[in-house]
Amino acid sequence: MNETMYDLTIIGGGPVGLFAAFYAGLQELKTQVVESLPQVGGQLTTLYPEKRILDVAGFSHVTAQELVDKLVAQTSEFPVTIKTETTVTNVSGQLGDFTITTNKDVTHSKAVLVTTGNGAFTPRKLAVDNAEAFEGRNLWYFVPKVAQFKNHDVMIAGGGDTAIDIALMLEPVAHHVYLMHRRDSFRALPHSVTRLNESSVETVTPYLVSGLAANGNQVTVDLKEMKTDNHRAVTVDDLVVNYGFISDHSVFENWDLQFNQNRQQVAVDGSMKTSIDGIYAAGDTASYDGKVALIATGFGEAATAVHAAAFAIDPHHRGPVHSTSVHLPNE
């Protein structure tokens, strides 16, 4: 059986993995990207493709889908192999010859970069009776298309950056938007909170969803005020719950190679190397002191990891060069 050898295997095709693939191309590393979902982009394209991303240099804002499209186009400058709907079931071996086993094939790789983000993710479901009966009709956990909420009355449940972003994203198209949170204050970027306060979004705090009842084609949301027995009923067309996601890194547990983990993340050093020589991590997967969990941070980590991998594979490999000194294949 002829099993392909790659210089670098990137496990995870989110934004950080895609940029890592591009940077690996600049380093002239033969690279494959392995992504378990049907498309690359990770949570950005799967959960909220129309959400505005604010932490990427050079863009005052860019939608999640636009950012992923640009990263895919950038990566296509080089002959990177991208495999979707492909799950890594085992990684074995050592620096210079890792065996990458997936649900579809077996390949070899001199080094590995893990950019799986928060791993497999499922939304934290609304914990009220009969909630499942409303899913896909009035109750949503993702916002794949803003247009489906046009002229609707919508309630967003949540208090973080993403909940505020969704509320502001729906404000121009919905008839009315409520943002409900169990605390009096929101846990989000100050700029996002300022935009929220200046918008027409009606904040409902401090309340918690305590029940749902059908009301024709709409749903009546029963809200319980925190620390009291007061209730308030609001009837809307849609309830979007954003209570975060449950991450699952259990896929790592089945690998022959086990690296040190910090809670649900992988511990790395300054070169983004894990406890195993030849295996690196970047983006939300990686953990180190002072970590700032931003896409922009992940891009820098990706470049650091790729350079370290290139040097580990070949100690005579040329160091990082300024992008102004590099010519792309199509130029």
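One is the number of the first residue shown, and numbering goes on along the chain from there.
Placed from the backbone N, Cα and C atoms, the Cβ positions cover glycine too.
All annotation found in TrEMBL is predicted automatically rather than curated by experts.
Among the features that TrEMBL reports, domain 'FAD/NAD(P)-binding' is placed at 6-301.
A sphere of 10 angstroms centred on the C-beta of Gln43 (FAD binding site) encloses 19 other C-beta atoms. If you look up TrEMBL, you'll see Glu35, Gln43, Tyr48, Val88, Phe121, Asp284, Thr324 marked as FAD binding site.
Contacts of Asp284 (FAD binding site) defined by a Cβ separation under 8 A and a same-chain sequence distance of 6+ are given as Val16, Gly117, Asn118, Gln265, Ala293, Gly298, in order along the sequence. Taking a C-beta cut-off of under 8 Å and a sequence gap of six or more, Tyr48 (FAD binding site) has these contacts in its own chain: Ala64, Phe142, Val143, Pro144, Thr162, Asp165, Ile166, Met169.
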